[in-house]
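Novice: Here it is, the structure in full.
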Amino acid sequence: MDNSNRKPFLFPAMALPVVVWMAVILYYSVNLPWYDDFDPFPDFLHKWITSDSLFERLTFLFQPNNEHRMVVGKLATLGYYWVTGHLNFTFLHIGAALFTLGTLAVFWRAFRRSGLGAWYFLPVPFLLFQLQYHLVFLWAICGWQHEPVVFFVVLSMFLLSGKRFGGALLAGVCATYAMSSGIFVWPAGAAVLILRSQYKQLAAWVAVGVVAVGLYFYGMSAQGNESSFAFFARYPHLSVLGFFAFLGGLFDFFPEKSIVVRSALPVAMALIVMVWVVVWLWRQLVPWLKRTFGMFKNAPQSAGIADMGNLNAFLLGILSFLLVEALVIGLLRPRFGFFVMIVSNYKIYPALFLIVTYLSFIVSTRSENLRKRALRVAALTGLVIWGVSIYSYLPVIAERRKYYMVNGYNQEHNGFGLGHVPYSEGARYVDNVMKHLVKNGIYSYPTEGNELGRQVHALTTAFPVERQVTVAHREKGIYVNDPEGTISPLRSNGEYAFVRNAERLYFFKMEPHKYTGRNFFRQYDKGFDIEIPHSSLLPGTYDLGIVNVEGAGLKGGILGKVTIP
């Protein structure tokens, strides 16, 4: 493909989604843990520091967090602590993001094996660096689960396809101990070795995999998967649909709509893409069947793994990993709700699925015209997915960041806010851990929340009546509605309800109204509301108010008094 006149534009074009993605991380990251973050990061570091036993420390390092052993993420936490003496979640976000940059680099190295022009790589960064999986790159625990596991799986398949067996084994072990999905690297690698008829390496691969997976699950408690099997027996169609929804997740363009509307396009697009996937997999299988069993001797000659070499093997390994992952997720997760199939945490995997499918097509076809058409379709698809992700998901990212910020204040001053039920045993434990880290200078809460608290403490004016804010006292909470509020992508701009008296100040982020009009891509409408749970407030009489923050300025006032018995 001769695009020499346009070559100066190629690398800036490929860099665009990467730069935007990194800018979003740097701009919206906030140095706060959230919910499941406490176990593998603050609590782990607290236990490590307070223990003098090497054996106990190693136990903490390999201790499972829910169903995952996050050894890679914990080592990153320790490394940053040893260098700086601190715990910093923005570092964790950035550090995990480097693995996705590494994934892109490995794909580029593998792509260069094809001998195709660099323009054919253009769709890859647009598919990989969209914003749909923001709950991976802006949530530390998910970042240090999914991003390293994807990198090490891709690296392992790259090394295995290049016949660097020892490195592939090491990368496979690293994938296994990044999170539980990493164990699927072993069947993926086995598929590559079988179709290459490399049976001695296969035996070693299986042996190392058995040991790695056996040690991974050693001492781990059951996760209630028997309930998932029972659910599958009752609703097998949900697992089948879930398999396709998971693989087609990047076509989840309407995240605030009903699950039926949301999942229809992902399922349909995955079904369409799977037609080519089945054809391509069959082409990889036929040469092995010929060679091993003498089958299909009269079949047309196709370029299988043994013939095409490293790139096909690389793509086959990643595709095998993704198909096994989709099968397991489709089997185990629908009982939690079908939305889990297209949850943000998983969206990095459908990105890989589309990338591998596209690359397998352009490598396999011998028609230059067909290859060019595939490039145009893939580039347009990638650009649409990337653009829609900015339009639909950037407001979600911005609002979530504001939610973290004010709840960081609540966590620091009220002992809850970052994911645990107020005043519960779990909240008290987390509060004690965080106070210990703060007291010892290991962690510092962001200053934004305290600055907002200082301004709100000084606020004495009533809220402007012309804004027509309404307050309704409900059975379990206080409902506040502002029909005039508007969202902003700026991280410093937001609208918050507050409840305060002389002893305490609580913040509650006002949630934007969901959009219900004809624009399916639009998430939010004009206006904010919030229901403040009575259970989050200690007994007493408080001022209830709203503030609108715009940069360093603050507008708002007091709506009235509320009493919590």
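If you go along the chain as it appears here, the first residue is 1 and each next one adds 1.
Backbone N, Cα and C define each Cβ position, glycine as well.
Quick paste of what TrEMBL says about this protein:
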type	residues	note
TRANSMEM	9-30	transmembrane segment
TRANSMEM	89-108	transmembrane segment
TRANSMEM	115-131	transmembrane segment
TRANSMEM	137-160	transmembrane segment
TRANSMEM	167-196	transmembrane segment
TRANSMEM	202-219	transmembrane segment
TRANSMEM	231-251	transmembrane segment
TRANSMEM	263-282	transmembrane segment
TRANSMEM	311-332	transmembrane segment
TRANSMEM	338-362	transmembrane segment
TRANSMEM	374-394	transmembrane segment
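Burial and contacts for the listed features, if you can.
Specialist: Packing against the transmembrane segment (89-108) from elsewhere in the chain are residues 18, 21-22, 25-26, 29-33, 37, 41, 73, 76-77, 80, 121, 124-125, 128-129, 136-138, 140, 143-144, 147-148, 150-151, 154-155, 158, 348, 355, 359: each is 6 or more residues past its ends and has a CB under 8 Å from a CB in it.
Using a Cβ-Cβ cut-off under 8 Å and counting only residues 6 or more beyond its ends in the same chain, the transmembrane segment (115-131) has close neighbours at 1-3, 6-7, 10-11, 13-18, 20-21, 24, 100, 103-104, 107-108, 250, 348, 351-352, 354-355, 358-359, 362-363, 371, 375, 378-379, 381-383, 385-386, 389-390, 393-394, 397.
For the transmembrane segment (167-196), the residues of the chain that approach it from at least six positions outside its boundaries are 62, 67-73, 144-146, 148-149, 152-153, 155-157, 159-161, 202, 204-206, 208-209, 212-213, 216, 284-285, 287-288, 304-306, 313, 316-318, 320-321, 324-325, 328, judged by C-beta separation under 8 angstroms.
Listed as Cβ neighbours of the transmembrane segment (202-219) (distance under 8 Å, sequence separation of 6 or more from its ends, same chain) are residues 69, 165, 169, 172-173, 176-177, 180, 183, 185-186, 189-190, 193-194.
If one looks beyond the transmembrane segment (311-332) by at least 6 residues along the same chain, the residues whose Cβ comes under 8 Å of a Cβ in the stretch are 110-111, 113-114, 153-154, 156-158, 160-162, 181, 184-185, 187-189, 191-192, 195-196, 225, 228-229, 232, 239-240, 242-243, 246-247, 277, 281, 284, 303-305, 340-341, 346, 349, 352-353, 356-357, 359-360, 363-364.
Among residues of the same chain six or more beyond the transmembrane segment (338-362), those with a C-beta under 8 A of the stretch's C-beta atoms are 100, 107, 111, 114, 116, 120, 123-124, 127-128, 130, 132-136, 139, 142, 146-147, 150, 154, 238, 241-242, 245-250, 252, 259, 262-263, 266, 270, 273, 276-277, 280, 311-312, 315, 318-319, 322, 325-326, 329-330, 371, 374-375, 378, 381-382.
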Novice: Could you pull out which residues elsewhere in the chain have a CB under 8 Å from any CB of the transmembrane segment (231-251), counting only those six or more residues past its ends?
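Specialist: Contacts of the transmembrane segment (231-251) (Cβ under 8 Å, skipping residues fewer than 6 from its ends): 127, 130, 132, 263, 265-271, 273-274, 322, 325-327, 329-331, 333-335, 338, 341-342, 346-347, 349-351, 353-354, 385.
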Novice: By Cβ distance under 8 Å, which residues at least 6 away from the ends of the transmembrane segment (374-394) in the same chain are close to it?
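Specialist: Distant contacts of the transmembrane segment (374-394): 1, 17, 20, 24, 119-120, 122-124, 126-127, 129-132, 134, 250-251, 253-255, 354, 358, 361-362, 365, 489, 521-523.
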Novice: Take the transmembrane segment (9-30) and find every residue of the same chain, 6 or more past its ends, with a Cβ under 8 Å from one of its Cβ atoms.
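Specialist: 3, 89-90, 93-94, 97, 101, 104, 118-119, 121-122, 124-126, 128-131, 134, 137-138, 386, 390, 394, 397-398, 401, 404-405, 408, 446, 491.
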